[in-house]
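According to Swiss-Prot, the features are:
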BINDING   ALA46, GLU47, THR48, GLY49, SER50, GLY51, LYS52, THR53  ATP binding site
CROSSLNK  LYS281  SUMO2 cross-link
DOMAIN    2-428  domain 'Helicase ATP-binding'
DOMAIN    70-247  domain 'B30.2/SPRY'
MOD_RES   SER481  phosphoserine
REGION    1-448  region 'Interaction with dsRNA'
REGION    1-295  region 'Necessary for interaction with HNRNPK'
REGION    525-740  region 'Necessary for interaction with HNRNPK'
Amino acid sequence: MAAFSEMGVMPEIAQAVEEMDWLLPTDIQAESIPLILGGGDVLMAAETGSGKTGAFSIPVIQIVYETLKDQQEGKKGKTTIKTGASVLNKWQMNPYDRGSAFAIGSDGLCCQSREVKEWHGCRATKGLMKGKHYYEVSCHDQGLCRVGWSTMQASLDLGTDKFGFGFGGTGKKSHNKQFDNYGEEFTMHDTIGCYLDIDKGHVKFSKNGKDLGLAFEIPPHMKNQALFPACVLKNAELKFNFGEEEFKFPPKDGFVALSKAPDGYIVKSQHSGNAQVTQTKFLPNAPKALIVEPSRELAEQTLNNIKQFKKYIDNPKLRELLIIGGVAARDQLSVLENGVDIVVGTPGRLDDLVSTGKLNLSQVRFLVLDEADGLLSQGYSDFINRMHNQIPQVTSDGKRLQVIVCSATLHSFDVKKLSEKIMHFPTWVDLKGEDSVPDTVHHVVVPVNPKTDRLWERLGKSHIRTDDVHAKDNTRPGANSPEMWSEAIKILKGEYAVRAIKEHKMDQAIIFCRTKIDCDNLEQYFIQQGGGPDKKGHQFSCVCLHGDRKPHERKQNLERFKKGDVRFLICTDVAARGIDIHGVPYVINVTLPDEKQNYVHRIGRVGRAERMGLAISLVATEKEKVWYHVCSSRGKGCYNTRLKEDGGCTIWYNEMQLLSEIEEHLNCTISQVEPDIKVPVDEFDGKVTYGQKRAAGGGSYKGHVDILAPTVQGLAALEKEAQTSFLHLGYLPNQLFRTS
């Protein structure tokens, strides 16, 4: 309890955490919880099972509770914002008139865009119709920027249309896409003065107090339009001074600060953000936190954690809701109508409820994207951007929207691009590093070669049912076509999976298949072997986990596997992502994943907590034709076996190429074993029992001790010398004083 309390976690949550036997925070929790409680956006990456869910759930629960408590007691933040219009009452950059990657500090004056490929701009909250006016901009780094003036009609890309005037760091002035030499270049630590004389129709600039001369004459078509301070940035940071602070280089010749302009000269921005500002009145269907998960199982797992963490929170109590598909929407709607504070859900149902107005995002304070790489790989990038655009950037109590992104890897290009677009100066917490295979995992490859192993010819019809990709092809022995070898691979993989289970007498394993139909076919084959879901204790007892199974069945199947009622969990990557299953002794990859990171995710499920684990991958030596649905039904009722490039829904799958990519990614060569799947014992480990802990002090540990022993002895001698020297220095002056 004390360990979590030291990070600022409230006692009620710390008590609940202690009851869960979490005596100390994990590394990811120790790093992330204080950052989130401090109000920052956080990108976090750590292994599955490292406590990521707690790392974001604990601070989210606490801040939601504190927000509700403040509302209950009638407190408001320092910068209460009742409507978007109140933002317009002061001179600042307008949070409702800016590019998607343009960030504005809490003072409204410090601005930044870290997009390196695109320009993102912003205008101020007020403009001017008359008079002579001046403001300053200080450059905080060496990024690219343009500053100046524009009308409400102008593009945010300042100077690229006929309604804006810009001056850029490269020493160019710009108007209507015409870039001409002007003044001189400016960069970090320079201060640019922006002058506007509306009465004469002149625009000019200064650098560090040096007048650069007339830049533009305002054309007649803009004489009756208000001009607003504006800028556009590319990987740059600026700070505006509209006159509230003392100018570094005060203007002369009758120019006055914008903040001192008479009210009659001022025009407020039309972008008041009414649709983007948190409403202060209570809305039952408007949660304070939205947590998006890629699968039902992960969403349920996260919700259960939230229920445990909030166990002792009272007055006000927090109300949570799970929004997932496959469950009657009316039940979810009835809970929404009674009020909800934290929503955990999957994209499909969330999108439905938001688009129909049943779920209101106007009061969301936290947006959490769990397993963001999984969400993006499933094609939910547009959904995430739509959700983010509907959530106000500033809440009713003046707090900024916090975005937390959890990902198995932060090195994904898509995750980086997403973070640049929707996050505000995020802190990266990467405790995962480069992918590697733990010491407790043995992983081997079994080549599936239909040309050398002709077992598939002798099986007749007593083999696993295949996926019907070759239903219209001639796959009979002797055809010697790519289709025949492909069908043979599918048959052999079913046999090899059974052989692996028998050879290693597996009592528990996760079996990964590439598609849902592959999972179903393998389950049916295990039923033919006498096993299946209802055969508790049988050698081939199994359950299936994938997106086409009903939610209740998926939940029940997962629980039965965890309890040990069945030996095997047959699943797809998507269904298994992030599920909290620990210490499984075996994993079988019936097909290698098409994303190399998923290989590490799969085999990382064995050999945890110092328990040895074995991962067996069945890798075809020939190309296999597989389903790759691009149709609108996503495979339901689709029998189009033509190749994708011919308008169909199949591709040729090259597992040998995937294997080489995985080996390159891990910087190792994966051992291959014969089709009899007898795995040779590692010479350092001696006899291995998978699922059991390694022998204490076993392996090559003794060798490490021998190597390090001289260094440790040297350090011990150095420490003794330092301590002795310190004591001599401490007592010697006193002894000298006594003798004198």
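Just so it is clear, glycine is given a Cβ too, placed from its N, Cα and C backbone atoms.
Quick caveat, the model's predicted, so the values are computed rather than measured.
Under a cutoff of 8 A between CB atoms, and with a sequence separation of 6+ in the same chain, the neighbours of LYS52 (ATP binding site) are ILE28, MET44, ALA46, ASP370, CYS406. Take the CB of the residue listed as 'phosphoserine' and look out to 10 A: across all protein chains shown you find 14 other CB atoms.
Neighbour density at the Cβ, taken as the number of other Cβ atoms within 10 Å, is lowest among the binding-site residues SER50, THR53 for SER50. Counting only same-chain residues six or more apart in sequence, the Cβ atoms lying under 8 angstroms from the Cβ of GLY51 (ATP binding site) belong to TRP22, PRO25, THR26, ILE28, GLN29. In sequence order, LYS432, GLY604 make up the list of same-chain residues 6 or more apart from GLU47 (ATP binding site) whose Cβ falls under 8 Å from its Cβ. Mean pLDDT across the region 'Necessary for interaction with HNRNPK' (1-295) comes to 87 in this model. Across the structure, SER481 (phosphoserine) and SER50 (ATP binding site) are spaced 48 Å apart at their Cα atoms. Look at THR53 (ATP binding site): DSSP puts it in a helix.
Under DSSP, GLU47 (ATP binding site) is assigned to coil, being neither helix nor strand in the three-state scheme.
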